[in-house]
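The structure under discussion appears below in the form of structure tokens.
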Amino acid sequence: MVRVAVIRFPGTNCDLEMAWAVKLAGGDPEFVWHEDGGLDDFDAVIIPGGFTYGDYIRAGAIAALSPILEEIRECAEDGRPVLGVCNGMQILAEAELIPGTLTVNVGNRFICDWVYLRVERTDTPFTTKYQEDEVIRVPIAHAEGRYYYENPEEIEDNVVFRFCGPDGDVSEEYNLNGSVGGITGVVNDDGNVLGMMPHPERAAHRLLNSDDGLRLFESLVEWCRS
């Protein structure tokens, strides 16, 4: 059985949905409190969304200082998959485990909506069950989700997901938070650490209005098994 650690911080609030999605994909999720640590026996690590430490200073800044981030860094260096969703992506960015940073949305407002994403890479542990340029539908819910990188052309190979229209067109019309290049999911240079602002765990069953996110977790579990 593929063991997946779901990390909990004060203010985490998407952990149950994340564990449920991992189970649907055939994995064995286990909650790990950030102060407890102990990730050696896990095949993959997930940092779910929420508002860790109330988003004080800025989203993810305090959580990124937790000692468990050093364990997560070691997991990444070992080649194990690490996924950070929404606040999890913010934490990964603060810990410099993925390129770029997240800042407040254009308009300085919280955005909660369904969006379309274009899959840019299918060679990561998280996207093998998608097709390149496939359009998927998942929700977003964040206030500080605008991705920024000073020279985005330098990280073209790191981009995994972009905001797009239903036909796959990338334009500012569909870029709800103002992210540079419509980027909303990136990996590290090794491809095994993914940060993404949209919530695939909230689109893991047809009863949730979309099951497009389930394949991300199926990709993860299958990759770990192989």
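Using the three backbone atoms N, Cα and C, a Cβ is placed for every residue, glycine included.
For Cys86, the entry in Swiss-Prot reads active site, nucleophile. Among the features that Swiss-Prot reports, active site is placed at His199, Glu201, with the record citing sequence analysis. The domain 'Glutamine amidotransferase type-1' feature in Swiss-Prot is assigned to 3-226.
A map of Swiss-Prot features onto the structure.
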residue: Cys86; record: active site, nucleophile; Cβ within 10 Å: 29
residue: His199; record: active site; Cβ within 10 Å: 22
residue: Glu201; record: active site; Cβ within 10 Å: 30
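Reported as a whole number, the C-alpha separation between Glu201 (active site) and Cys86 (active site, nucleophile) equals 11 Å.
If you take every residue in the domain 'Glutamine amidotransferase type-1' (3-226) and average the pLDDT, you get 97. For the pair formed by the residue listed as 'active site, nucleophile' and His199 (active site), distance between Cα atoms is given as 7 Å, rounded to the nearest Å. Taken residue by residue with DSSP, His199 (active site) is part of neither helix nor strand, so it is coil.
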